[in-house]
């Protein structure tokens, strides 16, 4: 069967959906547009939970080599760019746009998507582009360090704590720290619940992603990832207010076809 590990895969899709929709709720519904604080909180929760799991013996982390840690820091910098730019983009673009935009850049529809988007936002697409560039750089750096002794969890552990430190120092210069004090929902339980859920969902999604990579072939892992992205994009059309027209819908379908072809290519190459 092409989709193996249905229980793990479906759980992955559910967490993926919950994580991005929770982020979307906090960032664009409540309009907490302070990414240094929001992403700093998420990475702090992820880092603390991962550290607890390590100390309890539930996961294995080996970051004893200072040379390995230092060599991974450029990737951690790209990781900060991914989450920061992704947060800025997600706060301004619809969830389906940012999920499919990564594939759109590989196709002719890349130029058509902004043109036919009736809710076009320059800043949103700019940060989506930065997010994609950092994602590409991160993947290239990760592949070039295959010989490193760092496991996926080791890498994520370093990413978490590098991000917490970097974003904490950046919160004041960017103005996020002062501006957040005027956030109208700062003391509302819906905001607190959304932030807590986002941090926990992000951590669980990371753990499950590592499990999928280790237990399934790259093709099967990409299959579940493709399904999760598509499901998130489709459901977001009904959950969020989106001005959809025929050219824009055609761009989305072309993007989905492009990613499906990439998945098919990966399958043929494996």
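Cβ from N, Cα, C; glycine included.
Listed features, source TrEMBL:
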{"type": "TRANSMEM", "residues": "6-26", "note": "transmembrane segment"}
{"type": "TRANSMEM", "residues": "38-57", "note": "transmembrane segment"}
{"type": "TRANSMEM", "residues": "69-85", "note": "transmembrane segment"}
{"type": "TRANSMEM", "residues": "97-116", "note": "transmembrane segment"}
{"type": "TRANSMEM", "residues": "122-141", "note": "transmembrane segment"}
{"type": "TRANSMEM", "residues": "157-174", "note": "transmembrane segment"}
{"type": "TRANSMEM", "residues": "186-210", "note": "transmembrane segment"}
{"type": "TRANSMEM", "residues": "222-240", "note": "transmembrane segment"}
{"type": "TRANSMEM", "residues": "246-264", "note": "transmembrane segment"}
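Ranked by Cβ pairs under 8 Å to the transmembrane segment (38-57), the stretches 6-26, 186-210, 222-240 are led by 186-210. With a cut-off of 8 Å on Cβ pairs spaced 6 or more residues apart, the transmembrane segment (6-26) and the transmembrane segment (157-174) reach fewer than 3 such pairs and are scored as not touching.
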